[in-house]
Amino acid sequence: MQDGKINLRSLLPEELAAVLKDMGQPAFRAKQLFSWLSRGAAGFEEMTNLPKALREALAENYCLGAPKVLRKQVSAEDGTVKYLWGLRDGNAVETVVMRYHYGNSVCISTQVGCRQGCAFCASTIGGLVRCLDAGEMLEEVMFSEKESGLKIGHIVLMGIGEPLDNFENVVKFLRLVNHPEGMNIGMRHISLSTCGLTERFSELAGLNLQLTLSVSLHAPDDETRTRIMPANRGRGVAKLMDECEAYFKKTGRRISFEYAMIDGVNDSPEQAALLAKHAARVGAHVNLIPLNHVDESPLRPTPPERIAAFRKALEREGVNVTVRRRLGGDIDASCGQLRKKTADAMRRERS
Ligand code: SAH
């Protein structure tokens, strides 16, 4: 919701139908309107087959998000495309389109900024500005597809923000993007990544969405994890593992652990052994990612040979491990970096 108006793209087709019915409109108008919304119409004036009076009446209570490209970067290395989108209220978020052998995947932001405070992450430096509404998340996918010309088949909620800190809007977005009359992207092609807000896990499991839950673990022990991820405080690794196990049992969906390798912080043999224990208990797949360096942070990535040794130690314990390929390294594709750099540059220009 912005300036008291609801983003029409946050409404499911059946909700749109109810709105139009209340306005005394015939049923076919809802289909016409939904078709405009799905095609990425930027304003009501484009909807030429709707009567002018209806368009004006809609504009009184509703708005459309139509993000503008503030910056676009294309990686020369691997074709990754990164957008900085300008939103209706002047805020900006990042979306990244990645090209894989199985198709194109989009990484979307769920909030403007973030309040989780992870020590290695650029998105959290300025704190949380606001949550995105469901339509704005949908527009990230829709407008990235439209602007890049790349058909999107997969989505990861791994951009700026903490999805479980914007629970209702995120769930609504998932229903919208999955809707057969909409973009129709399968839940099994969607991953939701969280820093571990355990109080939301059972609610999420209860919705029985078939998506993949990714847990940003980054450390297997409380001392280290609380140091680099303040969200661990008051929750703890033991509670997180209990909730992961319960989620897996309830949904039958395998969880993955994200683990950014940080030199001298979370890459010891003891930490590998403890991580292996957690992963085995909850049946998790482990993704090792070399830390992306963020200018404001003293943390450095673990060197490749020690990442390889860490991986071997996990595999010896029977854990499934992938070392993530870094995409878009030449375009600051790691979350939060582009928004932050652009804001810093604008501040410098003004002063
Ligand atoms: N808030 C959610 C989703 C956004 S972050 C979460 O915490 O999962 C997406 C992923 O990028 C997370 O796994 C996060 O820990 C990771 N990440 C953030 N900064 C990073 C960096 N500098 N290098 C590597 N991974 C990073």
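Each residue, glycine too, has its Cβ placed from N, Cα and C.
Automated prediction, rather than curation, is the source of TrEMBL annotations.
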Same S-adenosyl-L-methionine site per TrEMBL - residue from Ser144, Ser193, Ser202 joining Gly161, Glu162, Ser216, Leu217, His218, Asn292: Ser193
Candidate nearest Cys121 ([4Fe-4S] cluster binding site) in space, where candidates are the recorded positions Glu94, Glu162, Asn292 and distance is Cα-Cα: Asn292
Site diameter for S-adenosyl-L-methionine, Å, by largest Cα distance between Gly161, Glu162, Ser193, Ser216, Leu217, His218, Asn292: 19
